[in-house]
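Now, the feature entries from Swiss-Prot:
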BINDING   CYS96, CYS99, CYS148, CYS151  Zn(2+) binding site
DOMAIN    76-160  domain 'LITAF'
REGION    1-22  region 'Disordered'
REGION    111-134  region 'Membrane-binding amphipathic helix'
MOTIF     17-20  motif 'PSAP motif'
MOTIF     20-23  motif 'PPxY motif'
Amino acid sequence: MSVPGPYQAATGPSSAPSAPPSYEETVAVNSYYPTPPAPMPGPTTGLVTGPDGKGMNPPSYYTQPAPIPNNNPITVQTVYVQHPITFLDRPIQMCCPSCNKMIVSQLSYNAGALTWLSCGSLCLLGCIAGCCFIPFCVDALQDVDHYCPNCRALLGTYKRL
C-alpha cells in the first residue's frame, strides 16, 4: 500500500502519548510563571480577645492620601517674634532694639511714687528735720530706668508702685 504525497507511514511504536503528563511534570513546566501574591487582610472591626481573655475592640487605622504634587513655588516668610521683656531692679542682658547689639542694661534710679509716699509717711511721723528725705537716697525705694550702654537709648522702666 502506498501513501500518497510526500508523507510516509510511521514505522515502529506510535509517537503520540498514550496518557497525559503527571502533575509534577506540569508544575515543573509552568514554574517560570509568577505566583499571585497572597491577599492582604482588611481592617478588622470585630472583637479581639486580649491577654486576660476579655474581648476588646481594636483601633481602626486609616492612611492619609498621598499629597498631589503642585508646580507652584512655595514662598516661606520668616517672622521673628520678640517676647515682651520684664524689667526688674537689676541689669538684664538683651538685644537693644535701637542698635541691635547684645548688651547688659545700665541702670538709672529716679524718684517715683514709692519714694514720695515714703517721704510723706516720714513727715507725718515727725521726721521733719531733713530725715524725711532719706527715701530719695535709698535705691530700693526708687524707680529704675534701663539704658543701652552703646547708644544710650531708653530700653524700659521698672516702677516699684
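Here the Cβ of each residue, glycine as well, is placed from N, Cα and C on the backbone.
Note that the coordinates shown come from a computational prediction; the quantities given were computed from them, not determined experimentally.
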I'd like the number of other C-beta atoms within 10 A of the C-beta of CYS96 (Zn(2+) binding site), please.
17
Excluding near sequence neighbours, so keeping only residues 6 or more apart in the same chain, what lies with its CB under 8 A of CYS148 (Zn(2+) binding site)?
CYS96, SER98, CYS99, ILE103, SER105, GLN106, LEU155
How do the residues of the domain 'LITAF' (76-160) split into helix, strand and coil according to DSSP?
21 helix, 21 strand, 43 coil
Mean per-residue pLDDT computed across the domain 'LITAF' (76-160):
92
